[in-house]
Amino acid sequence: MASQTPMEDTMRAKIIETLKPSTLEIHNDSHLHSHHKAMAGSTSQETHFRVVITSEAFKNKMQPARHRMVYALLKEEMAREGGIHALQLRTRTLEEETKQAE
Amino acid sequence: MSALTEIKSEGDWNKHSASFPPTTLQIIYFKADWAAPCKQMTTVLETLASSYPVTDPPTTSWICMDAEEVIDVSDNFNVTAVPFLVLRRGEQVLETVSGSDATKVRTAIEKHANSSSTGGVNGTSITPSSSTTGAKSFSTHAPTQQEPATAPEFSSGEVKEDKEALHKRLSSLVKAAPVMLFMKGTPSAPQCGFSRQLVALLRENSVKYGFFNILADDEVRQGLKEFADWPTFPQLWVEGELVGGLDIVKEELSNDPEFLKPFSVAKTHNAPVKESPLPEAA
């Protein structure tokens, strides 16, 4: 049974394996951007993602460093033609997530 | 936003020179197309110019000339090397900057722009409501041929810059203004939702910034991804350091609403730029 969401599956697998997140949300926002000029000619339904990750791996790291960790994981998928075009990231530690929920 | 205009002959220069209102800060840049540092300086000045609104009468006027083409004018201003910048008001030369130090150039321009008699607030070029110098509303402005922002004439078609030259160019570019936004499109016509949101965020916080349209220059678009080790746009740089994209800027602001305060128009209004607690002064 082939997956309809190969990109999302890959992302999930990689993030879980490396960052061991306590929270992981992957939202596919591609349909919101499919009419954009840059997306003309694209057949992929998995181009724009919004990802929320809570992981202790982010502890003591500034935001750019955290985002770079995720970019490094998904480097190939982002560089690939027809791969990930846009990636919105929310990277927090458990402490920050709790604090922000208050 | 202002544009860098090229003047090709002494006759043209004399005409222009006679027409400047006495309060306008003339930013006159002498260059030579064969000199590599001039390419960078041109981009830096175009980007800087874009952060100054077009006003009536003009607060700033940005001119560039090929030093060898207008040899009499160059002699007049004692241009001995390029790139060479002359800052003038009326007939009085205020300051000159020789060489390709982008920060030096920017500092000199800001110093004199902010001390102009009109109280020279060079507000963000896209904030009709907070601008005090009668800048026009750009919210419905569509990009025209004159839209400066980048140096399209220097991208593909020109000799392929080698890695090192590109690196130097990018180093200068990220420091072209204290806050630099590399975006898709221009603040008046963003070509991407995330770029548009970041522009709005900067406007809401009255931030004065320079911008660069990466869609108009593929070399910078790809080069900057590598230089910054950051695969996406928009990118916000502060004091030559990458802060991040829309998400990070939003997050920083929610953690600390004063995060961009040192760069806001409100703070620098009627005060010399140097007073702001810029990290690089520490």
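The count begins at 1 with the first shown residue.
Every residue, even glycine, has its Cβ placed from backbone N, Cα and C.
Quick look at what TrEMBL annotates:
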- B:114-133: compositional bias 'Low complexity' (COMPBIAS)
- B:134-148: compositional bias 'Polar residues' (COMPBIAS)
- B:23-108: domain 'Thioredoxin' (DOMAIN)
- B:179-243: domain 'Glutaredoxin' (DOMAIN)
- B:110-161: region 'Disordered' (REGION)
Taking every residue in the domain 'Thioredoxin' (B:23-108), what is their average pLDDT?
87
Helix-strand-coil residue split for the domain 'Glutaredoxin' (B:179-243), DSSP-based:
26 helix, 21 strand, 18 coil
What counts of helix, strand and coil residues does DSSP assign across the domain 'Thioredoxin' (B:23-108)?
28 helix, 27 strand, 31 coil
